[in-house]
Amino acid sequence: MSFEVGTRCWYPHKELGWIGAEVIKNEFNDGKYHLELQLEDDEIVSVDTKDLNNDKDQSLPLLRNPPILEATEDLTSLSYLNEPAVLHAIKQRYSQLNIYTYSGIVLIATNPFDRVDQLYTQDMIQAYAGKRRGELEPHLFAIAEEAYRLMKNDKQNQTIVVSGESGAGKTVSAKYIMRYFASVEEENSATVQHQVEMSETEQKILATNPIMEAFGNAKTTRNDNSSRFGKYLEILFDKDTSIIGARIRTYLLERSRLVYQPPIERNYHIFYQLMAGLPAQTKEELHLTDASDYFYMNQGGDTKINGIDDAKEYKITVDALTLVGITKETQHQIFKILAALLHIGNIEIKKTRNDASLSADEPNLKLACELLGIDAYNFAKWVTKKQIITRSEKIVSNLNYSQALVAKDSVAKFIYSALFDWLVENINTVLCNPAVNDQISSFIGVLDIYGFEHFEKNSFEQFCINYANEKLQQEFNQHVFKLEQEEYVKEEIEWSFIEFNDNQPCIDLIENKLGILSLLDEESRLPAGSDESWTQKLYQTLDKSPTNKVFSKPRFGQTKFIVSHYALDVAYDVEGFIEKNRDTVSDGHLEVLKASTNETLINILEGLEKAAKKLEEAKKLELEQAGSKKPGPIRTVNRKPTLGSMFKQSLIELMNTINSTNVHYIRCIKPNADKEAWQFDNLMVLSQLRACGVLETIRISCAGFPSRWTFEEFVLRYYILIPHEQWDLIFKKKETTEEDIISVVKMILDATVKDKSKYQIGNTKIFFKAGMLAYLEKLRSNKMHNSIVMIQKKIRAKYYRKQYLQISQAIKYLQNNIKGFIIRQRVNDEMKVNCATLLQAAYRGHSIRANVFSVLRTITNLQKKIRKELKQRQLKQEHEYNAAVTIQSKVRTFEPRSRFLRTKKDTVVVQSLIRRRAAQRKLKQLKADAKSVNHLKEVSYKLENKVIELTQNLASKVKENKEMTERIKELQVQVEESAKLQETLENMKKEHLIDIDNQKSKDMELQKTIENNLQSTEQTLKDAQLELEDMVKQHDELKEESKKQLEELEQTKKTLVEYQTLNGDLQNEVKSLKEEIARLQTAMSLGTVTTSVLPQTPLKDVMGGGASNFNNMMLENSDLSPNDLNLKSRSTPSSGNNHIDSLSVDRENGVNATQINEELYRLLEDTEILNQEITEGLLKGFEVPDAGVAIQLSKRDVVYPARILIIVLSEMWRFGLTKQSESFLAQVLTTIQKVVTQLKGNDLIPSGVFWLANVRELYSFVVFALNSILTEETFKNGMTDEEYKEYVSLVTELKDDFEALSYNIYNIWLKKLQKQLQKKAINAVVISESLPGFSAGETSGFLNKIFANTEEYTMDDILTFFNSIYWCMKSFHIENEVFHAVVTTLLNYVDAICFNELIMKRNFLSWKRGLQLNYNVTRLEEWCKTHGLTDGTECLQHLIQTAKLLQVRKYTIEDIDILRGICYSLTPAQLQKLISQYQVADYESPIPQEILRYVADIVKKEAALSSSGNDSKGHEHSSSIFITPETGPFTDPFSLIKTRKFDQVEAYIPAWLSLPSTKRIVDLVAQQVVQDGH
């Protein structure tokens, strides 16, 4: 051992067991080593020893492991495997809320005394499903999974042994193991989210837990739910490894608890559950009141358990009993028996001097006997009397008071024990009936048995419990030793025999022929047998060699004996051994019970007799086999088996079962006696580690090679211990073989370990002796320290050299600057002289130039003024000339304009007079015509002619329109020519202006003449105004007369308008019909039929009931010619032939309409052929059109199946084929859902979107149809009210069906998308390293080809997946809201599953992985933004914040507080899990323990706050570390948006579809639509 100064070690401590210490002095004087240790509490301790390497020297401290290993998940990986190291590792993990730790093959489970439901969720079950032990952190489920996989793969039965002292958590652990087996899935579907629903068998198996706990568990000083019996549950599997049943074996029920409970303890839970949960009427029937009123329930004091609702537990127990097949009547009978037991406990026996008496009229006795259905007198008799049967007679004697009490309690214990066994037998009958028994292929047994017990007073129960633990410990030691041997043989290494403590002498002491149990049975069979006489026999027989090594008697007293168990010596008090071992009830009481009228009690007693007969037969068989080996007479004596012998026999059977299976061990530890949450008592845990054999396991491991490393792990960790020339090549090699790695391993070992016995190289691993890893770690630490020092030295040398060079350069630079300054000063002086000379020359030149420029400016100004004066004179002359021209032009135009206005006015007056005379004549004529009766006929005739004339005019107008179009073109040409002419005119205008200027002078002369004429004209104008006033008066008079005549004319017109309106309506109808004929004939030539939205009249003569026609659609079949549709080719009729064509169509209608309807009815009625064609040809034989970035699909290419179905459905409704339509639709709905269910692979996305679009189309049609029925009165025509209601009901039901179909296929499709995405997401988001230069290095590059798995998916695959969804939805016309719902759901799913995977991967929680994760998630965010999903980032918050957590500092409390603010979406439990599992790189400092404890304390406080309901902030608290992914059922996003508009339907049948009947239906519908149009 190395105890250099600074070495960390462990020193014994009275209160803590062990305390950390550090060597502060190591001196060697006088042949002795003197060590001084500084303990963690600052105490200084001195140690003197002669040899520091003497492992057996108890005074030496034990070496401590490096900090990185102190909280290891497997204790066998500790460098120093010693008691304090194991204790400290468990304590460190416990303080970080990790209750599970491996110790080789053993799982150590430390009871948290707190609710940790998050550790046992369905998500956690699925996380461990299919994983090898060691892949994830230690857990109960890892052991269960290992057992399940070994059973499945090796076809070998398994056993899980759960042991520990009372209150350690055995029962809970066993319960969760059972839940795991009932919930785990197959390996190939282990990654799929498990459905919560379990099979009925699995539910029944889990239901056994509350039953067994109610009848077999009780509150003790150490545990509120202590199992007072042992249980071995066999979970049975068939050949397909499916759970088919279970079997339960129980061991040593603590019968004495029924009649006696120590202070603060309780009786079995079932009694308190009855008091709290039974209805008042039932309690009255059973004469029950309160728990405190019954002696069997009130001895312990408080009858309540904090945090437990007995009424709620009662309901759980009753439900479980019902589930396992125990009827309500039988349950009532059981409750009557339990109530009777309580009344028996209250029976008051009267005490006399020598005996006891009990009256048959005692109230409690009467109640008990009434409930049990037995005779009260006989029962009371045998309570106070006993009967001894001799060969010749029966002797009845009285019992004293204490014996009577024992007799009374014995009956109660007998009945309760029999009831417990009967319950177990009934459960086994239900869970393992003959049909199940025939299918059993393998089983997994879960043994929940008491741990080693030692109290101040240890009795028969403790003796049996410790005996069982001795047997289990022996098997455990042998199993561990066997596994060690198998590992060494498998790896082909040299090894020597490992010695371990064998407890066989202790077992022989108990179970040999003259052992404790044998002597106990012998004494129990004697009528006068007593505890004292049995004790003397023990002393005489066993307190001598060789048994005195494990047996001894106490120094004082004769009422105890001491057994040296493997854990420690236990002193047993002999009081009550004989009575408990006998476990008998008097024959008199037995006869009384057998005469009961309670059927359930009779069944219980019969079951007891059957069990006794089986035991006797087994003993007879054993004796016969023994007799065959030893000849001689065989004498059999019928003896009632004792409790000890039965327990021994069942224990032997149990050990045989365990030895025939592969065993797994779970050791439960109780961390403190006060049951305080998360409190750790070192001494208490240490005693349990010794008692449960964990330290013995470690000792066995230490004797061999406890530390094992794979070649890869060893090379990656310790390659730096050899010169880089030896390992440099292996890193650079492209192809690295295993031989290369092993050669590096050998070079490392040769360079570091001189003693070859300290290690062995196996086939796949390197095995090290204890302490070697610490030695290698120290070498590695020293090497890294030296390397760091060397690096620092080089860096510092470079730094100071750089500083020297900078100073030297600065000095040179300063010198250069000074020299430069002096030279510049001298040059400056010279330059100043030169500048002065230059300034003088410049000044003189400037003065001369200024004089010259002044003279030049004066001359220039004089010239400017002269030129200005000349120009102003010229402009004035021009202005006067222009004014004269303007005046001349005005004067010349005045006289001709005045003359024109007078002439125009006169003309208007003359026209008005002439028109008045004409109107008067017309009015007289109209009055005459109005009186004529024949005038109307003539008007009508003229109007008809006018219609014809207008029709001809319309044609001429069309012709004129064409001519006008041509005329426009000609005009456009003319416009262009006009533009050219305009240019010419502009030129001419300029020339004309010149002429005008010449003319101005002439006009000035005429101006004066015009002014004179103007005055005379004004006088003439005044005369004309007077004349105009006279004419206005005459006009007003004519106007009044005209009004009267117009009123008469208006009356005449009204009559005319009525006729015109009637005639116009008729003409419009004729015109619209002609246009319809023309349109239909045109459409027929194109293969298209369009019908109006309004329905047709129902076919009452064909239909069974009234129905409305939904044949309001446009049928288009681009692949069918007019001949295929059986339509005669017609040209579009001209206006002149309209009447003739319409008449011909009318004649054909009567002939063909009936034939078409009959054929349609025949095709639609035969649903078998139609259904087969639609389902197989259309629905199953569908083809999805290609969708992509550049592909634009029309709606008919996408929803053609829906359009075809709508046509067929519409025609069925038209003919009243409601039953056929229901059958047809049922087949359609089932087929579509089945098609979507079978989608997989690359077809999943496009085909799923395709069917979503079609189902939406169908649903929209049905909604449109329903709305039309309810809102339009025309649909009621031809139907009775009942038929109408029936029809509304049919369509409403169909709407619900299509709504359900949309919901179902959306959920099926989305779940399939999630399943497909799950395969890619974890690899792409979590595992792939897309960011170059930041490889996390979980595996080295040069070993990847040998050990690492290649990545299957990258982020490109994820983005391709989402792109495929986007383009398919866009191409198939899916609403944007649906796309948004689908993608956000998938993003949330990716966030959840990736986070759940990441939080369970310890080696992925590093800062480099944080960078990679951040990069991958950022790519998803960018995709969301580019596709309009602004809230996509919110769906990935857990991954985003986890990436941040892995990259930021976590070394101070302030860092943690900041981190909590950043990672607001993560719960405290998730933060604690991530931080505690953070993988520290070699160049990082480990996260301090106080920080880990601080984070754990936050979780504890949050949990306490949540459980107490005092969360003032209202925050939701979740202790689960997993995010529950949303796996359905999902809300159908289509239900949240409006249905599609449905004006017309376009049915498109692709050419590749083979649908002859469907095409014929479309053909006939087309013909009918054409005829209906005519």
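Using the three backbone atoms N, Cα and C, a Cβ is placed for every residue, glycine included.
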### Query
Of T1097, T1524, which does Swiss-Prot mark as phosphothreonine?
T1097
#### Entry: Helix, strand and coil counts within the domain 'Myosin N-terminal SH3-like' (4-57) (DSSP)
0 helix, 33 strand, 21 coil
### Chain residues in Cβ proximity to the domain 'IQ 4' (856-879) (below 8 Å; excluding those fewer than six residues from its ends, i.e. six or more beyond)
none
### Summary
Reduced to three DSSP states, the domain 'IQ 1' (784-806) has 23 helix, 0 strand, 0 coil
### Query
So what's the average pLDDT for the domain 'Myosin N-terminal SH3-like' (4-57)?
88
### Query
For the domain 'IQ 4' (856-879), what are the DSSP-based totals of helix, strand and coil residues?
24 helix, 0 strand, 0 coil
